[in-house]
Amino acid sequence: MYVFVSYKHLFVANGGLVCGVSKEQLLEIFQPYGEVSNVVMVPDKPHAFISYVDVGGATRAVACAQGYDIRSSGAPGAKLHLLYVEKLPDVISPSNDGMVLPPGLILVHDIISEDYERELLAAICWEEDFSTQKAQNSLRHRQVKHFGYEFRYDNNNVDKDSPLEQPVPAACCCVLDTLRNLGHLHQEPDQLTVNQYLPGQGIPPHVDTHSAFEDQLVSLSLGSAAMMEFRRDDGRHLPVVLPRRSAIVMTGESRYLWTHGITPRKTDVVPTESGRGLTLQPRGLRTSFTFRKVRRTPCDCGYPDQCDSQRSASRVATDNTEDEALSKSNQEAAELECAHVHQVYEEIAGHFSGTRHRQWPQVAEFLASQPRGSLMLDVGSGNGKYLAGSEHLVKVGCDRSGNLNEISRRRGHEVFGCDCLRVAVRAATIDVCLSIAVIHHLSTRERRLAAIEELMRVLTPGGKALIYVWAMEQERGEQAKSSYIKKKNAREGERPGVRSGPGTTDAASVNRREPTTSCDGMVGETVTGNTGDATMRRRSTDGHPGDDGGSDEVPRKLPVHVNRTNFKHQDVLVPWHLRGGRPPPVAPGNDNDEQTPPVFHRFYHVFRQGELEALCASVSCARTVRSFHDNGNWCVVLEKTREDSPPL
């Protein structure tokens, strides 16, 4: 016989830090029902715990606050669900005093006074000149200004032979002298990038180009604190709180190996002032001053596998032909995807979401066929298109793009941020998985295989996953048509007014300002280019892959696909025009009044027939239930077999 037991501790679902709920908001909700003795905010979780001094407070809270709509308290979550728990979990909450920093990173608190902070901010004039406008055109989500040398976002480097008229402002000398006196700086920076971030804005994860700058990068945070996230390609992740008026110095490993970035969001999870827990800290208007020393000689750092200078020299010394061996560096693959997938989706999120409304029929049918009460995870949920409807399922989504996740949350969906290669979900807990138009953004066979293995890991035995990837064979006779291929006024590889390009391209042709249609058939109006150096260092892999699902190697030089035409290459860059942006300025003295915007380029590996099935066959616990072609996509339904049984 079941006996109902009440405890003074409560589990609060949808009340956690991941849901955008702060400790202060929970106290405001639960204090009216009794004296609260403790609030436990769990890092990276959507739940929290409330503890009362007696059972009566907990009982009243369950009776009155069960199903409370947290959005009425200003948080972007959903309804709270409360459960009694016998005891609170042991949660270790980090504090800034004991914060683990990446090797080589130095954090200096309160390096300047409030008066000096105001002086530095006043020294920056945001009135746009031509160079400021040109840089700004590449950054839709923050203001930027350069001094000394312009940092070019089209190739992630500087033009060392063209210094700007404005050097690093003299007002910055004092903070640089302070860092030298502390022994943290041993050079004279000659390049300064000033970024201004509104709440909710960020910067994608990146490593400053080795060949562009010397060691010792300095970043000064003014106006507001923020959380900077450092990541290694081996999966290590270290969030670091950058307090207002603090400075960090990136040297050695932290400068050359760890990516650093700021996730676009309006709050950060930070230690409380007492250091005994976590809470949310709203972001304000933040201005960062990043000081660098332009490198005049090739980089000779101790990390040759990640160094563009040393990789380039090694390639020239080994083989200077088109058939040189391709690098198998996972870091290089991650850099390509960062520049041509992650950063692009952060920039185009709003326009991209505006083109995604209707669920694809066969995906909707798959979801409708799943048992009532199944837990569904959409890996790469985008704007939450497949989290709507299917009310018989319990649905949650995850995406790499913080801006797309924010759109999903505004629509009332449950989502969290993570990479498809490392899904933050326990093994064998999900009944149904979706992976729609995600895996084709991964640049090596190894990474594509890992993404499928990750889907199988989180599925329960017997659970099913539906995978869609873009097909090399867009059409397969009358029975398999593709809405992507343009039927009228276009020949193979050509569209009206646009000359089809050669099979491969260099960085200059990537930035060719040609009107294009987005890969999903949506015509854009203004585009911002951010090609990185990927297109200059990689070449296409045009040949047919083996039956194992493609190459482990990163393509070094990528062709730019002509939209609305059949694919000629498997590894391509697909243009996207950003609706609603502004055209770039015309340089003084330029008689050409036509202002055509630059272009975003997304990386795709388009799959040949049989390639997806072969890739899935390499996963030990996956059985292919069905494979099919749907409107220009190759698709499979996988079932996770029993852990102790062989795949069928």
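Here the Cβ of each residue, glycine as well, is placed from N, Cα and C on the backbone.
What TrEMBL annotates here:
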type     : residues : note
DOMAIN   : 8-87     : domain 'RRM'
DOMAIN   : 188-295  : domain 'Fe2OG dioxygenase'
REGION   : 479-559  : region 'Disordered'
COMPBIAS : 535-547  : compositional bias 'Basic and acidic residues'
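For the domain 'Fe2OG dioxygenase' (188-295), DSSP puts the residue distribution at 5 helix, 56 strand, 47 coil. Mean pLDDT for the domain 'Fe2OG dioxygenase' (188-295) in the predicted structure: 90.
Residue counts for the domain 'RRM' (8-87) under DSSP, helix first, then strand, then coil, are 29 helix, 24 strand, 27 coil.
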